[in-house]
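Beneath this line is the structure, given in structure tokens, with notes to follow.
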Amino acid sequence: MGHHGQMHAQHGVTMPADSPTGQPDRSEQRYFPATAFRTRRSTLSDAQRQTWDRRWPELGLSVGPAEDPDRPGPPLDTDAWFGRKAPVVLEIGCGNGTSTLAMAKQEPGVDVIAVEVYRRGLAQLLCAIDRDNVTNIRLIRGNALDVLQRLIAPASLTGVRVFFPDPWPKARHHKRRFLQPGTVGLIADRLLPGGVLHVATDHAGYAEHIADVGAGEPRLRPADPDSPLPISVARPTTKYETKAQDAGSAVTEFIWLRR
């Protein structure tokens, strides 16, 4: 399988159930416009809600469906948002942010934008950012395809991370998987030359699908294990993977570079 991408099998698995990045058909996509956010406020603790109200205006951005998806607005000014010029990594489906936080701390010179649809996961990450005084993470609540299409400029990202996207295991749902040729092509378009696409999955069938999709994208090539990379790919093992290790689940990782 090595010709499809750099793949590492290791024991472990899974992310919380509330962190899918698999996307339904366009007509079925779950958007969270600003008017809908209040309906889930009760899911946050008082401390989380207070931190959200205090820090979200500075560190967060909510993205709803475009009125005209064929006419995207201006892309994010990441230099202004972070207050500096630095390499930018987009993490799609950050869940509760365990990996996001650890990897951002590991590389303080890299700016990380974490995308997630679920407010509770973002609130957990926001509280950790506030507690640990982490300055190189920003958060987006919304649909990952909307973010890629409307907010990210071509050839602007040093890395994209997609860890444990929803595998949609039933055959009739495979079309809902996030990592399809069109999406991977869009990611490739947003990566700088030499930029990294780092994917991890614990689902064997999805791993085969991802390998095929990556091999079919001409702008990506497998990373050479001996070549230096512009960002770290040392992904921390979460408690969810540790718990599943006893079950014999294996994680497959892919690392591609933009040509």
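Any Cβ shown, glycine's included, is placed from N, Cα and C.
According to Swiss-Prot, the feature active site maps to ASP166. Among the features that Swiss-Prot reports, S-adenosyl-L-methionine binding site is placed at GLU91, GLU116, ASN143, ASP166. According to Swiss-Prot, the substrate binding site annotation covers LYS170, ASP202, THR238, LYS239, TYR240, GLU241. What Swiss-Prot records for 1-74 is region 'Disordered'.
Structural mapping of features recorded in Swiss-Prot.
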residue	record	DSSP class
GLU91	S-adenosyl-L-methionine binding site	strand
GLU116	S-adenosyl-L-methionine binding site	strand
ASN143	S-adenosyl-L-methionine binding site	coil
ASP166	active site	coil
ASP202	substrate binding site	coil
THR238	substrate binding site	coil
So among ASP166, LYS170, ASP202, LYS239, GLU241, all listed as recorded positions, which is physically nearest to GLU91 (S-adenosyl-L-methionine binding site)? Use the C-alpha atoms. ASP166
Given the recorded positions GLU116, ASN143, ASP166, find the one whose Cα is closest in space to the Cα of GLU241 (substrate binding site). ASP166
Out of ASP166, ASP202, LYS239, the recorded positions in the record, which is closest to ASN143 (S-adenosyl-L-methionine binding site) when you go by Cα distance? ASP166
Need one number for the S-adenosyl-L-methionine-binding residues GLU91, GLU116, ASN143, ASP166: the maximum pairwise CA distance in Å, whole number please. 15
Count the Cβ atoms, other than its own, that fall within 10 Å of the Cβ of ASP202 (substrate binding site), considering every protein chain shown. 21
Cα distance (Å, whole number) from the residue listed as 'active site' to ASP202 (substrate binding site): 10
Spatially closest candidate among GLU116, THR238, LYS239, the listed binding-site residues, to the residue listed as 'active site' (Cα to Cα): GLU116
